[in-house]
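For reference, the structure discussed in these notes is given below.
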Amino acid sequence: MLLWFLSLVCSGFFLVQRMSAHVGSHDKPFLSAWPSYVVPLGQNVTLTCDSHRGSNIFKLYKEEGSPNHQLHETTFQKSQVFGPVTTEHAGTYRCFHPQYANVLSAHSEPLKIIISGIYMKPFLLILQSPLVDTGGNVTLECHSENMFDTYILISHRMGIIKNSVQVSAEHHESGSHVTYSIGPMTPDLVGTYTCYGANSYYPYEWSDSSDPIDIKITGVYKKPSLSALMGPVLMMSGETMALSCISDHQFDTFHMSREGVPRGQGMPAVQSHSGKFEAKFLLSPMIQKGNYRCYGSFRNASHVWSSPSDPLYLPAKGNCPAYTEADTKTNNYKNLHILTGLLVTMVLVVIIIFYSCYFSKQNKSQKQAAASMEQEYEVKNTINTQNFEGQERQEVTYTELEQRIFNQNLMPPISRISEFSADTIVYMEIMK
């Protein structure tokens, strides 16, 4: 009888344990935070505990972090708003539903609440283009002047945190940093990335968020075509140029890039009369030269792009011709002919300037020589006049013929003038 009673008690005990385990695992609630479990200092966060039983009453308790006296022996209705949050709200939380006296539901999985904005934000850099081919890799670097122990890289999609990676930091004289390699690239890895810094002794207190970087994957869909609008349909405003991106695919949005870097926001696609989908991009008057490409994407996957269009080269700002790679060789020949013509013109101009300077100097030299000869003539005339002052007055006739120097002295030397003082002296000097 005693053995039968003990056997019945043990069976009942194990049956209750098994039923409790079954009920607890089936009724395990789910604890979530909105808008995110990473909460900026001073902002609000809403904690919600959901259950398959549809119960709206639950309790919270904190496993790690500073004690939160607001939770002690307090029952909440479905959701609870905390805020403005401080470092006291940081920690690990669980929730459960009180069912009846001394019987509780299973506890939820732990939920970490992180308070950000405790330290200055780090800087996030991308070491390649943010447009990554399918299967490619990309490297991100997060660095700061603060000596953080760890950095946390977080990816967002539609404003919701998808993944996070925590890596130990490397220290150096100017601060700390860490590098992340992402790839091979798939649509699941793309999104908006930010990074935070933290210290091991305060794991629930992070720095402010870095500036975001958007990483897109390309090559998922067929490439569109890109062209410059020419002729009467050219959409111009001053020196603004219009580019057209067109595709057979029913893309929602088209995007533009220059030298692998996205430019501005995407443009909505419009279906043309031919049934194709098109978007027009107006480039500012100060057009930067380079290779332009366009891509297509869908609204529900804005980080997943098509293959790039063939490059369209814009060589200069303003109203400039546009070239594709097929036109490059032809344009190079044209440019070579233009350059050759300019060089020949420059050489001719230099030669003309040289000869002009040469003849100018020659004329100047001739004028100086003529002036010098005229001055010499005046000096000689003065000397001859003075030599005859002591003699009898004689008649001297000067004749100037053209510009050749020719002296004909019909008078005797000066020493013999006195002997022929009665004769007429004819002096003829022809100067050039």
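Cβ atoms are placed via backbone N, Cα and C, with glycine included.
What Swiss-Prot annotates here:
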{"type": "SIGNAL", "residues": "1-21", "note": "signal peptide"}
{"type": "TOPO_DOM", "residues": "22-335", "note": "topological domain 'Extracellular'"}
{"type": "DOMAIN", "residues": "42-100", "note": "domain 'Ig-like C2-type 1'"}
{"type": "CARBOHYD", "residues": "ASN44", "note": "N-linked glycosylation site"}
{"type": "DISULFID", "residues": "CYS49-CYS95", "note": "disulfide bond"}
{"type": "DOMAIN", "residues": "135-202", "note": "domain 'Ig-like C2-type 2'"}
{"type": "CARBOHYD", "residues": "ASN137", "note": "N-linked glycosylation site"}
{"type": "DISULFID", "residues": "CYS142-CYS195", "note": "disulfide bond"}
{"type": "DISULFID", "residues": "CYS245-CYS294", "note": "disulfide bond"}
{"type": "CARBOHYD", "residues": "ASN300", "note": "N-linked glycosylation site"}
{"type": "TRANSMEM", "residues": "336-356", "note": "transmembrane segment"}
{"type": "TOPO_DOM", "residues": "357-432", "note": "topological domain 'Cytoplasmic'"}
Among ASN137, CYS142, CYS195, which are recorded as recorded positions, the nearest neighbour of CYS245 (disulfide bond) by Cα: ASN137
The one of ASN44, ASN137, ASN300 whose CB sees the fewest other CB atoms within 10 Å, among these glycosylation sites: ASN300
Inter-residue Cα distance where the pair is CYS294 (disulfide bond) and ASN137 (N-linked glycosylation site), in Å: 21
Distance [Cα-Cα, Å, rounded] between CYS142 (disulfide bond) and ASN44 (N-linked glycosylation site): 27
Listed in sequence order, residues with CB under 8 A of CYS294 (disulfide bond) and six or more positions away: PRO224, LEU226, LEU243, CYS245, PHE254, HIS255, MET256, SER257, ALA279, PHE281, PRO308, SER309
Between CYS49 (disulfide bond) and ASN300 (N-linked glycosylation site), the C-alpha gap once rounded to whole angstrom: 29
Mean per-residue pLDDT computed across the domain 'Ig-like C2-type 2' (135-202): 94
Which listed residue (CYS95, CYS142, CYS195) has most other Cβ within 10 Å, given these are disulfide-bonded residues: CYS195
Listed recorded positions among CYS95, CYS195, ASN300 whose Cα sits within 10 Å of ASN44 (N-linked glycosylation site): none
Summary of DSSP states over the domain 'Ig-like C2-type 1' (42-100), given as helix, strand and coil counts: 6 helix, 30 strand, 23 coil
Pairwise Cα distance for CYS95 (disulfide bond)/CYS195 (disulfide bond) [Å, integer]: 29
Where CYS245 (disulfide bond) sits in the secondary structure, as DSSP reduces it to three classes: strand
Secondary structure content, the domain 'Ig-like C2-type 2' (135-202) (per DSSP, counts of residues): 0 helix, 45 strand, 23 coil
Rounded Cα-Cα span from ASN300 (N-linked glycosylation site) to CYS195 (disulfide bond), Å: 25
Cβ-Cβ neighbours of CYS49 (disulfide bond) (radius 10 Å): 26
